[in-house]
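Undergrad: Encoded as structure tokens, here's the structure I'll be asking about.
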Amino acid sequence: MARRLLPAHVQESVTFRDVAVFFSQDEWLHLDSAQRALYREVMLENYSILVSLGILFSKPKVISQLEQGEDPWMVESGVPQGAHLGWESLFGTIVSKEENQEVMKKLIIDGTFDFKLEKTYINEDKLEKQQGKKNRLFSKVLVTIKKVYMKERSFKGVEFGKNLGLKSSLIRKPRIVSRGRRPRSQQYSVLFKQLGVNTVRKCYKCNICGKIFLHSSSLSKHQRIHTGEKLYKCKECRKAFSQSSSLTQHLRVHTGEKPYICSECGKAFSFTTSLIGHQRMHTGERPYKCKECGKTFKGSSSLNNHQRIHTGEKPYKCNECGRAFSQCSSLIQHHRIHTGEKPYECTQCGKAFTSISRLSRHHRIHTGEKPFHCNECGKVFSYHSALIIHQRIHTGEKPYACKECGKAFSQSSALIQHQRIHTGEKPYKCNECGKAFSWISRLNIHHRIHTGEKPYNCKECGKAFSSHSGVNTHRKIHTGEKPYKCNDCEKAFNQSSALIQHQRIHTGEKPYNCKVCGKAFRQSSSLMTHMRIHTGEKPYKCKECGKAFSQSSSLTNHQRTHN
């Protein structure tokens, strides 16, 4: 049997014709008496519901016809015979945000009401109390709920009519219906459920934090957060969890299972949260924004770590030395200093590292990769930190200043080394002779005295040197270059140290004093030679006869006696 619905699409403002079922005269005549009676009852019942909701402001003609027992068939123009079209729009009423909150805060169990939420729960007890008050503002809110619901679900005509209780099945077969009207509390509850709002009679509240749950089992699981109870234990590592789902996820660490696969690149993950975070690499999405500086992040954990820069919070503390860190991963890496653990090993040379980032940096030695490029001069670097230090050559920036003398440096390591001049600290000690040095580079050069290693060769004459600076100084003999000039006598030198020593002739300065006899010297080497008088040390030994001397010049003179 045909049915006609006017109009056939959902308009911005929906009228009675959008939700009512109409029949032509021919269609109406084909209904038997039971079907006509059922139609009358359903239409009148729905009219009663709409009136109880405070939606209708005038009685439609079709309702008057049904009440008077007239036939409500439709004429050819598409308008019900004698129908009065002066209905107010069912959904023309708009509720302000304040009105909505005023009503809904009396009904909703947990949180502010939001039409877009998948689930919103209203307490039936509270609902019935509001219904009993015949609150017009409450009815107004229900109207707006239905308007939003219809727009979001895109219901059309008779489909929405079904949700209001217009039983289109009446034209298929007659059925017996109860003569009694549905209680108002049930009418409201059914309406809310049809609109995607769940009503519940009972809920479960946490006494500790006030959070509300729909099931007692959910509350029990939640309360383990407060009690610290962990019932589910991993058989592999004995780690315990408060929920079985957390244990299931953890087991993937041991099994290596990675069920979540990225559709873009095929990479697999053990946890869905890891996959979601990874996918933001492809989309470029960075939904987590720092309120302090505006910097954005792909994950909430990255934002939390970053915010500690602003707060200065360092919650992760080393039990060994008390040093604190802002990130757990930094503490784990730091612990390896105490344990000596170096779990990341280079497959090329076998060298091991405390962190994977340091291993990645080390790999560039083998690959020759230099991904960091200076925009000023084009020089490339293996490490980002090296690029930053290099750029200070162009900018002249020297951010590290000595508090003792004010001298500034472009690198923190240079400042640390410089400060040893003031403190006299010499932390690098030679295992062979016990001599100590302020800088490790000086110790490395010194070691070559014992090993005899001279890795730096002069390309002009082939002479070898134990240090790079030594060969550079030597090359100036071949070039004749003497860039260091005395302002007093114009004498020039190929080493800055030679100029400094020379200038003491003019100034008379003798900064090196013997602690035994008080004699002073212009050069540290002269003081060292002098000290052998007091100590009796004779380090220069003749290979021919075994005689020893305190000075190398004395050995040279002696060796001539054997020639």
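Using the three backbone atoms N, Cα and C, a Cβ is placed for every residue, glycine included.
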Undergrad: Give the range, chosen from 52-74, 144-166, 512-534, that Swiss-Prot lists as zinc finger.
TA: 512-534
Undergrad: For the zinc finger entry in Swiss-Prot, name the matching range from 4-26, 372-394.
TA: 372-394
Undergrad: To which of the residue ranges 89-111, 204-226 does Swiss-Prot assign the term zinc finger?
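TA: Feature zinc finger in Swiss-Prot: residues 204-226.
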Undergrad: What parts of the chain pack near the zinc finger (260-282), using Cβ distances under 8 Å and only residues at least 6 beyond its ends?
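TA: For the zinc finger (260-282), the list is 249, 252-253, 298-299.
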Undergrad: Given a Cβ distance threshold of under 8 angstroms, which distant residues of the chain, six or more beyond its ends, lie next to the zinc finger (372-394)?
TA: 361, 364-365, 410-411
Undergrad: Please check if the zinc finger (344-366) comes into contact with the zinc finger (456-478), where contact means 3 or more CB pairs closer than 8 Å and the residues in each pair are separated by 6 or more positions.
TA: no
